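Chemist: The structure is given below, and queries will be raised subsequently.
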Amino acid sequence: MEIFDYEDVQLIPNKCLIESRSQADPSITFGGHHFKIPVVPANMATVIDEQLATWMAEHDYFYIMHRFEPETRLPFVRKMAKKHLISSISVGVKPNEKQFIDDLTSEKLTPDFITIDVAHGHANSVIEMIHYIKKRLPKTFVIAGNVATPDAVRELEDAGADATKVGVGPGKVCITKLKTGFGTGGWQLAAVRWCAKAARKPIIADGGIRHNGDIAKSIRFGASMVMIGSLFAGHRQSPGHDIMINHRHFKQYYGSASENQKGGRKNVEGKDILVDYRGEISDTLTEMTEDLQSSISYAGGSDLMALKTVDYVIVRNTITNGD
Ligand SMILES: NC(=O)C1=CN([C@@H]2O[C@H](COP(=O)(O)OP(=O)(O)OC[C@H]3O[C@@H](n4cnc5c(N)ncnc54)[C@H](OP(=O)(O)O)[C@@H]3O)[C@@H](O)[C@H]2O)C=CC1
Ligand SMILES: Nc1nc2c(ncn2[C@@H]2O[C@H](COP(=O)(O)O)[C@@H](O)[C@H]2O)c(=O)[nH]1
């Protein structure tokens, strides 16, 4: 297998077929729903909250709510159903999560998307959870992760997952590689390609995106959707604390397995950082849309499909986490 990461790859332009970048269509159908771009903010407490999730649903962007305020999930799904907005939530694999699925079922609430969100997704606990959800909520689109190998993708797909999420350790606030020696940190894009070749259902590339162009690269190497944390954590709407240092504005961004999120030091695999304040999230989403339209034009097409077959070169750079 060839090993490379986002910073090692450049896509090669084809002749342009459109007259303006505005003619390029970066939208995607995922899980039976249509979204403006193939991008989803990470389901982390400093990246998404209910207010932002609602805004994203209202504006046809995909979102996944995090699972770290478990008691708010049922009322959230209820509220979104009442507003006829897409509901997309996360669960873990501990026993109380099965009770939560039962609570949804007994209220006849069917979330559009449920993401099983654990660090090591290639596990029987995840397979059991997929079975549990699919039996009770067969219409819900189930995303399972996170994984790093084709074997894991196939096993979760066989268990009934509708999509799998690829990326163990490439994240900006991730210390899994340092603490355990494992993961896809430094070769995340190659891992996406490796997994996508084996996949029969959509793949979400998760972690390691540092520039908007990395979204196009993810699509080129087989992702249908791209999950991003650090590039979304710095907005006015981001739930992390605002912090001023020497008149410079930052937002707090911490890992879901950080001491801060866990409230303790057991099995910590994430850290707490500050990211630059970036203003309105709508401006960033617009910029991502325009950059993707430009990528499509360089690919010589008019929609995301054009990106999937473009040629590329590998320009060897250092193996880091994309930093
Ligand atoms: N994408 C990534 O690279 C990573 C993401 N994370 C994020 O951090 C959050 C917390 O994750 P996680 O710790 O899984 O969640 P939980 O603490 O909810 O753990 C889920 C369950 O899986 C078990 N578990 C977790 N890791 C392992 C492992 N390596 N081997 C065996 N069992 C395991 C836990 O038991 P026990 O705790 O007793 O082991 C627990 O029962 C999630 O949001 C996850 O996405 C964390 C690390 C890496
Ligand atoms: N190893 C860890 N990975 C984590 C943790 N919290 C979140 N994550 C993963 O990172 C991505 C976001 O990556 P980014 O490069 O875009 O910032 C997120 O979706 C998770 O998969 C953690 O504590 N440890």
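Placement of Cβ uses the backbone N, Cα and C atoms for every residue, glycine included.
TrEMBL lists these features:
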DOMAIN    5-310  domain 'IMP dehydrogenase/GMP reductase'
ACT_SITE  C174  active site, thioimidate intermediate
BINDING   203-226  NADP(+) binding site
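Situate these features within the shown structure.
Modeler: According to DSSP, C174 (active site, thioimidate intermediate) sits within a strand segment.
Within 10 Å of the C-beta atom of S224 (NADP(+) binding site) sit 20 other C-beta atoms, taking all shown protein chains into account.
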Chemist: Among D206, N212, I215, the binding-site residues in question, whose Cβ has the most other Cβ atoms within 10 Å in this structure?
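Modeler: Output for this query is D206.
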Chemist: If one measures from the C-alpha of F221 (NADP(+) binding site) to the C-alpha of C174 (active site, thioimidate intermediate), what distance in angstrom results, rounded to a whole number?
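Modeler: Given the Cα positions, F221 (NADP(+) binding site) is 23 Å from C174 (active site, thioimidate intermediate).
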